[in-house]
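Written out below as structure tokens is the structure these notes cover.
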């Protein structure tokens, strides 16, 4: 799906702790063509959580540097609600897709031309563009205490209905962007472990398209 596998491959979150059960050895999603990123399986032992002194905002901001993006990440808990607007109120941006704009109404399967006025054609194309448009639906997600910033604004493709005429096609991701977060990483035995913050890339859906 146009590079999404490659994007997920760089999303490396290795937190394998020696001595923990086999259930927690896979702590990152397997590379796939599917976004958003599935939830990680975490070792529930609080010993692997950062301590209060490890969460000093000034230190972490300095470590993250210019990668901090307030448009997609939040330190404090935002309202964990859907941030999108209803589909019928989505404002179409950019230029109309060429495959819609260049539709020829004068051609029919039976060879008989169809006369369509400019105003009617423009309204129909606008309606068709709106119907097949695939907006990105953003929702705040809590990544847990082992990420900093803890909250991410994650994208999903609108999926409440089919986007094609006739029905059958659906909105799917075609582009993503990477945001840099800090990940609390521990290695070693429980009483001899070493933990630190490392930078990791987190892919976020940035564009969706109507496809099979």
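A Cβ is built for glycine as well, from the same backbone N, Cα and C atoms used for every other residue.
In TrEMBL, annotation is done automatically, which means it is predicted and not curated.
According to TrEMBL, the feature compositional bias 'Basic and acidic residues' maps to 39-50. According to TrEMBL, the feature disulfide bond maps to 134-171, 157-208, 163-210, 186-195. Among the features that TrEMBL reports, region 'Disordered' is placed at 31-50. The signal peptide annotation in TrEMBL covers 1-21.
Taking the features listed in TrEMBL, we show where each one sits on the structure.
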{"residue": "134", "record": "disulfide bond", "Cβ within 10 Å": "22"}
{"residue": "157", "record": "disulfide bond", "Cβ within 10 Å": "21"}
{"residue": "163", "record": "disulfide bond", "Cβ within 10 Å": "22"}
{"residue": "171", "record": "disulfide bond", "Cβ within 10 Å": "24"}
{"residue": "186", "record": "disulfide bond", "Cβ within 10 Å": "20"}
{"residue": "195", "record": "disulfide bond", "Cβ within 10 Å": "19"}
{"residue": "208", "record": "disulfide bond", "Cβ within 10 Å": "24"}
{"residue": "210", "record": "disulfide bond", "Cβ within 10 Å": "19"}
Counts of helix, strand and coil residues, the region 'Disordered' (31-50), according to DSSP: 3 helix, 0 strand, 17 coil
Disulfide-bonded residues clustered about residue 208 (disulfide bond) [Cα within 10 Å; pool: 134, 171, 186, 195]: 134, 171
Disulfide-bonded residues near residue 171 (disulfide bond) (Cα-Cα within 10 Å), from 157, 195, 210: 157, 210
Whole-number Å value for how far residue 134 (disulfide bond) lies from residue 210 (disulfide bond) (Cα to Cα): 6
